[in-house]
Amino acid sequence: MASAFSLLTAGGAKFDKNRFKDDFQLFEAKKRKDRKGKSKQIDTLATGSALPSSLDFFGDHPHPQHKPEPEPESESESDFESDSGSSSTSIPAPPPQKITLTGAEPLPKSLHTNLPSLVNHESHSLTSAEGGPLLSALSRANIHSLWGVQCAVGGCLLEDRDTLCVAPTGSGKTLSYVLPTIVKLREPARKLKGTEEGKGVRALVVVPTHDLAVQIQGVIKAVTMGRHWRSMVLTKATEKAVWESAPGEAVKTGEDGDSEIKDGEDSGDEEEDEDDNGSTGSVDEFAPKVSGNPEGLGIDMLVATPERLHHLIDSRRISLARTKYVILDESDRLLSSDFLPQVEPILSACSNPAVQKCFLSATMPAGAESLAKKWLKDGGVRVVVGVKDSAVTTVDQSLLYTGSESGKLLALRNLISSGQLPYPSLIFVQSIDRAEELYKTLVLDGIKVDAVHGGKAKTKRDEAIKDFRVGAVWMLVVTEVLARGMDFRGVKVVINYDFPQTVPSYIHRIGRTGRAGRPGKAITFFNIEDGPYLRTIANVLRSSGCPVPEYMLDMKKPTKNEKKKLAKAPPKRKAVGGGGRDLNREAGKKKKQMVEASKKRKMLERKGKGGNEEKNDDEE
């Protein structure tokens, strides 16, 4: 049989073997010594370096199929980034950290790291028919053991204790409440049809953004696969299914009401979302009708944003009187002034005497913590993983002075061209307008980029996030709407293009990388206008063990009023790039507004004159 090299060079072509020695050796037979020290000739085509099928022009070379080597199992949590919600990639556990429990004695015992301790808990032991499918689903999702926060929070919840958890980003908080909630529910609502226990919203998860709600729903589906658990995200399309499962007084009496809603931080154009059955709905379909759920089939787990859920409660369309488990994920954000007017009525509506609450976040300011304890029985059990309100230690953090807005763009382009910004990456900016500006600029640079912010429709945001997860998009330009809870395990670098307004904002932003024990990198740009707040962020870097120049730590501390002012509104900045046609962008906006106002005045004047002329005609 002719060699592969002969086949490729047939036809009289001459080839300089010395000049292209390295390339030539790819097709040469190699020699290696066996265990006895004798030389042994190896045909490269029979080994792993077989001739690619694209080069096998004559089709006479075998293409052996090599079985992949089995990957060693490791203690890991599932990577819930794929559409199916599971992954076969082993994920390293986060670095071990001290876990502190405080609260009323006796304090609950933490679970063991092995999974059977979850389903065989003395307070809520499951049968093999109940626990077997859960363990199988966890195995399929590549979850082989529990992590520290999951052991601590799981132990608290399974002993029926209200819990307040503060744990770093990427430490596994979502599973820490999803798994024990499923164990305590025991059976899906479908198996409890016709009983009181199988009615209503059985467990409720409240989150600040729609994007996080969709992600949590993916986690729930992954670990409940095989037992027909009923879980859903509350959207315009699923409203009807929700209030049919847990009807309020307005639904029972047939009253009508307004269904228009927008979700605070999750604002944007509402789109028709698919419900459980794949159907879509419009606003007109949500007026109370004859129930399409006559058996009163309950919802095992409902994931909702505050504004839409509060609207259903306020209009008496839904009842949460049967809800036994309430979880506030990113609770410090939900207990802030933006969401508190909606969250308090939601908590009050969960009037079941046996209701159990769990509040979790990566950051918990003193004000939010004291407010949370008022809603927890006996103040709850406080679980702190590592150092409270600190950044994740697996992220290499740095601060970069850019001088101006044009300097920011230049620095970003330099990072990209020098290979210091590997894909996939997240770029945080402070507003919707700036996100769109930077997105359009990077598109013109030929980068596969997309933008996600509150001004985009939900379906467009979901599509952009999906493309980012599968690698169709290399970079995402995002606002704070994606800073909390979103799990992008593959993100290697986070760029704070605009300086974060608060320490919690910084911690949550950089927490999108370095998740589940993986290394990550965060670079924060700053200019002159960010100087007064630089020391605050520099202290976070120092507490995480990252090097910080001394001059930053010696800078004047910002006053409380300055911090409050920055938290309420970001500093005004020039347009992205800081020059060219964008330099007078604000002036152009004002001029346009003045022209439009002038046109309106003239139009009103004309209408007024026309009306007077008609009156004069009538008088005549």
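Even glycines carry a Cβ here, placed using N, Cα and C.
Checking Swiss-Prot for motif 'DEAD box' across the ranges 193-196, 329-332, 417-420, 557-560 points to 329-332.
In Swiss-Prot, the feature motif 'Q motif' is placed on 142-150, out of the ranges 142-150, 232-240, 367-375, 538-546. Here the compositional bias 'Basic residues' (562-575) has long-range neighbours at 404-405, 430-431, 434, 437, 498, 501-502, 529-530, 532-533, 536, 582-583, 585, meaning same-chain residues at least 6 beyond its ends whose C-beta is under 8 angstroms from one of its own. Sequence-distant contacts of the motif 'DEAD box' (329-332), counting only residues of its own chain at least 6 positions beyond either end whose CB sits under 8 Å from a CB of the stretch, comprise 164, 173-174, 177, 205-208, 212, 216, 359-361, 363-365, 368, 372, 484-485, 504.
Per-residue pLDDT, averaged over the motif 'DEAD box' (329-332), rounds to 96. Mapped onto three states, the DSSP output places Thr174 (ATP binding site) in helix.
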